[in-house]
Amino acid sequence: MTNIRKTHPLMKIINNSLIDLPAPSNISSLWNFGSLLGACLTIQIITGLFLAMHYTADTTTAFSSVTHICRDVNYGWTIRYLHANGASLFFLCLFIHVGRGLYYGSFVLLETWNIGIMLLFSVMATAFMGYVLPWGQMSFWGATVITNLLSAIPYVGTDLVEWIWGGFSVSKPTLTRFFALHFILPFIISALTMIHLLFLHETGSNNPLGMSSNPDKIPFHPYYTTKDFLGLLLLILLLMTLTLFYPDLLGDPDNYTPANPLNTPPHIKPEWYFLFAYAILRSIPNKLGGVVALIMSILILAIMPFLQPNKQQTMMFRPLSQFLFWILVADLLTLTWIGGQPVENPFINIGQMASILYFSLMVFIMPMTCLVENKMLKW
């Protein structure tokens, strides 16, 4: 008798994706982050669901309802901090996942890469709206500053901002719609993840050598299920350490003050995972230019497949490209640091130089280096 997992219509899909899937034999731990992102998404949906049971999306009671969750709901504080710190780990895994894709040339799998960019934008939008919900000072002013950027769009900008706000300022309608969107987006992200995996399994996974792995494949289970489980344990260890010992390490103290439209905080800044993009936005004096640079800082990933003329897919045997990749990582860390600093010298100048370097590396320096390496390899 044939095994039920190979014949049952539903079990067959799971079997072909997680059990009998032929996987390259040499993929490193950097390939673990896809499954870790799936775990993060699951944790966020479950904790978010329990938070939504006690949260009220109303300007007068939102802050109090979050306080109520932390003080009066059984293990409410755990759920709240698991959700908040889970978002940070989600982005940490996302950045490593995208970095792995750049380093090993995974962007040649165009459909998978482009859906991945859509996923990145969706997760960023979800996280931004989630940060507004506790209705603290940084929630309110963060929402005001970021939504106001849309007013830079010529002709329709102001109308668009007022349409998103549901009024003439960030107020009750804004909070209500942000909660509705924050609730629905993770399910859209889940659907996009399925499509992401569908396209990945069409071509098969990339590997550190960038060569075809067809001659040497191994079944996903038990090899990579075990490996992913170890990664998951380490992720949970890190998440629980953050949640139970340092719950407020990555948060902003200003968000423990209820939102006050009459009192602007001295330094308005988003969560740490948006600081690099925020630094790029602030480094351009023109409002529209800043918005374009902000969007392009992520959208530039979409043109990466067309900017890499390298004959070798991965950077594994290309030391010049490796060197530039790590300069790019250092540059992004610098931008993250600058995004959290006040708008004054020398931070303005450092931010502008780091922004120029970021776009130069992506658009010009790295592609030119690829051509040089091709020449050196006589390809």
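Heads up, the Cβ atoms here are built off N, Cα and C, so glycines get one too.
The model shown is predicted, which means the values in this text are computed figures rather than measured ones.
According to Swiss-Prot, the protein has these features:
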- 33-53: transmembrane segment (TRANSMEM)
- 77-98: transmembrane segment (TRANSMEM)
- HIS83, HIS182: heme b b562 binding site (BINDING)
- HIS97, HIS196: heme b b566 binding site (BINDING)
- 113-133: transmembrane segment (TRANSMEM)
- 178-198: transmembrane segment (TRANSMEM)
- HIS201: ubiquinone binding site (BINDING)
- 226-246: transmembrane segment (TRANSMEM)
- 288-308: transmembrane segment (TRANSMEM)
- 320-340: transmembrane segment (TRANSMEM)
- 347-367: transmembrane segment (TRANSMEM)
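Shown here: features listed in Swiss-Prot, placed on the structure.
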| residue | record | contacts (Cβ under 8 Å, 6+ apart) |
| --- | --- | --- |
| HIS83 | heme b b562 binding site | GLN44, THR47, GLY48, LEU51 |
| HIS97 | heme b b566 binding site | PHE33, GLY34, LEU37 |
| HIS182 | heme b b562 binding site | GLY48, THR126, MET129, GLY130, LEU133 |
| HIS196 | heme b b566 binding site | THR112, ILE115, GLY116, LEU119 |
| HIS201 | ubiquinone binding site | ASN16, SER17, LEU21 |
Interface present between the transmembrane segment (33-53) and the transmembrane segment (347-367) (three or more C-beta pairs under 8 A): no
Stretch in 33-53, 77-98, 113-133, 288-308, 320-340 most in contact with the transmembrane segment (226-246), if contact is a CB pair under 8 A: 77-98
Distal contacts, the transmembrane segment (113-133) - CB-CB under 8 A, six or more residues away: 55, 57, 62, 66, 87, 90-91, 94, 98, 101, 106-107, 139-140, 142-143, 146, 174-175, 178-179, 181-182, 185-186, 188-189, 192-193, 195-196, 199, 270-271, 273-274, 298-299, 301-302, 304-305
Secondary structure of HIS196 (heme b b566 binding site) (DSSP, helix/strand/coil): helix
Cβ-Cβ under 8 Å with the transmembrane segment (77-98): same-chain residues at least 6 beyond its ends: 30, 33-34, 36-37, 40-41, 43-44, 47-48, 50-51, 66, 69-71, 116, 120, 123, 127, 130, 235, 238-239, 242-244, 247, 250-251, 271-273, 301
